[in-house]
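Everything on this sheet refers to the single structure shown next.
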Amino acid sequence: MDPVKVGLLGLGTVGGGTAIVLKRNAEEIARRAGRGIVIDYAANLDLSRAEELGLGNVRLTQDAFDVVNDPDIQIVVELIGGYTVARDLVLQAINNGKHVVTANKALIALHGNEIFAAAQAKGVMVAFEAAVAGGIPVIKAVREGLAANRIEWLAGIINGTSNFILTEMRDKGRSFGDVLSEAQALGYAEADPTFDVEGIDAGHKLTILSSIAFGIPLQFKQTYTEGISKITAEDVSYAAELGYRIKLLGIARRTDAGIEQRVHPTLIPQRRLIANVDGVMNAVLVKGDAVGATLYYGAGAGAEPTASAVIADLVDITRALTADPENRVPHLAFQPSQLEDTAILPIDEVETAFYLRMCALDRPGVLADVTRIMGERQISIEAFIQKEPTSGVDKVDIIMLTQRVREGNMNEAIAAIEALETICSSVTRIRVETLG
Ligand code: HSE
């Protein structure tokens, strides 16, 4: 059988990795797919990059629309990122009856509902394994491997750059900016690194995971996102003293009131496996009612790990080319007509435990004021540390762990504590999850 002809948009980190792995493992990939998979046409602004990647015999263009409009191309692989031109390219490819593979989490999180509806209407497939957690086949695991389960919750370290920064801060005491520059040089960080450190990239990925876990439309705008840029070396070390690690977690949980969909720095007990996922590695913990807790771990970014997911999608599409469109795996795991409109909870309604750090004047009665404010709002204190004042300074750091409380109550308590004259800084608050 003739090989499947692929059009590759973008020859950056992931595009390059995809070209290299497709070539290196061509024989084995063809044995799996049932036929060869070849790059026939590639688009990149810098055409010399194609030479570097050994794509000398591939048709090349600087205009990605040439590829999506080419009649010979059966599958378009979109690896240029962003969500304006990428959206136009993907919709045009679908309109031209081509299948699409993308690693673009922002595109799927923001425009996935529209893209899947267009694909459904045209009877083509859109595959996006590489959009979440790089090389870890977590989309496939949740969408297919756990299809028997009612998913209760999932929690993931799904931004390698943030995890790398937090790990280096903890282990080597390195500064935030220094580690971020290294992540950029290694090709892990997004084009706009605020997407990594402010939780946006993780929010895109969590939005996708939540949809396939619970069978709801993609709703990035309802996802709460908070990044790691305000985490200090003190927080990392106080958390360790209390037996916790700080990780940027994406959490999606089904509750009676609605679905929690949130990304924020989180204290996790250090005995949990996921608390020990370090550096640029990613991990996703998924709790199903039948299977219990399952953990998926691996490289969340990088050229060949992400290419691994892109090519797995190419193999899946190649195998399914002749399948009846009605019998393919649905894009969001549940049949399109079966998606539910369960509400996503505003963050004020979410219940978690909290780590609080504040600086207080070292005077009698200060703690009594703080604990009274907490008690009046039904907030129970689980653990407490007061640091010795540094010599010559009459200020102390107070660190508390609370029991679970509604976030709205905690916001009120923090506002009242910050209004006390004896509290000398804003209160740092980090949510705590036991993931038990
Ligand atoms: N910037 C992303 C990360 C790349 O650091 O995880 C992979 O999506």
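Glycine is treated like the rest: Cβ placed from N, Cα and C.
Feature list (source: TrEMBL):
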type	residues	note
ACT_SITE	K205	active site, proton donor
BINDING	L9, G10, L11, G12, T13, V14, G15, G16	NADP(+) binding site
BINDING	K105	NADPH binding site
BINDING	E190	L-homoserine binding site
DOMAIN	355-435	domain 'ACT'
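When the Cα atoms are compared, G15 (NADP(+) binding site) and the residue listed as 'L-homoserine binding site' turn out to be 15 Å apart. In the set L9, G10, G12, T13, V14, E190, none of the binding-site residues has a C-alpha within 10 Å of the C-alpha of K205 (active site, proton donor). Other than the site residues L9, G10, L11, G12, T13, V14, G15, G16, same-chain residues with C-beta atoms no more than 8 angstroms from the centre of those residues' C-beta atoms, the NADP(+) site, are L8, G17, T18, N44, L79, I80.
Over all protein chains present, the Cβ of G16 (NADP(+) binding site) has 23 other Cβ atoms lying within 10 Å. Cα separation, G10 (NADP(+) binding site) to the residue listed as 'L-homoserine binding site', rounded: 15 Å. Separating the Cα atoms of K105 (NADPH binding site) and E190 (L-homoserine binding site) is a whole-number distance of 11 Å.
It is 15 Å from the Cα atom of L11 (NADP(+) binding site) to that of E190 (L-homoserine binding site). The binding-site residues examined here are G10, G12, G15; by Cβ neighbour count within 10 Å, the least packed of them is G12. Here the Cβ of V14 (NADP(+) binding site) has 27 other Cβ atoms within 10 Å, regardless of which shown protein chain they belong to. Among the binding-site residues L9, G10, L11, G12, E190, residues whose Cβ is positioned under 6 Å from ligand 1 are identified as E190. The secondary structure of G15 (NADP(+) binding site), as reduced to three states from DSSP, is helical. Look at the domain 'ACT' (355-435): DSSP puts its residues at 23 helix, 29 strand, 29 coil. Counted within 10 Å of its Cβ, the other Cβ atoms near the residue listed as 'active site, proton donor' come to 28, all protein chains included. Note: the Cα of G16 (NADP(+) binding site) and the Cα of E190 (L-homoserine binding site) are spaced 16 Å from each other.
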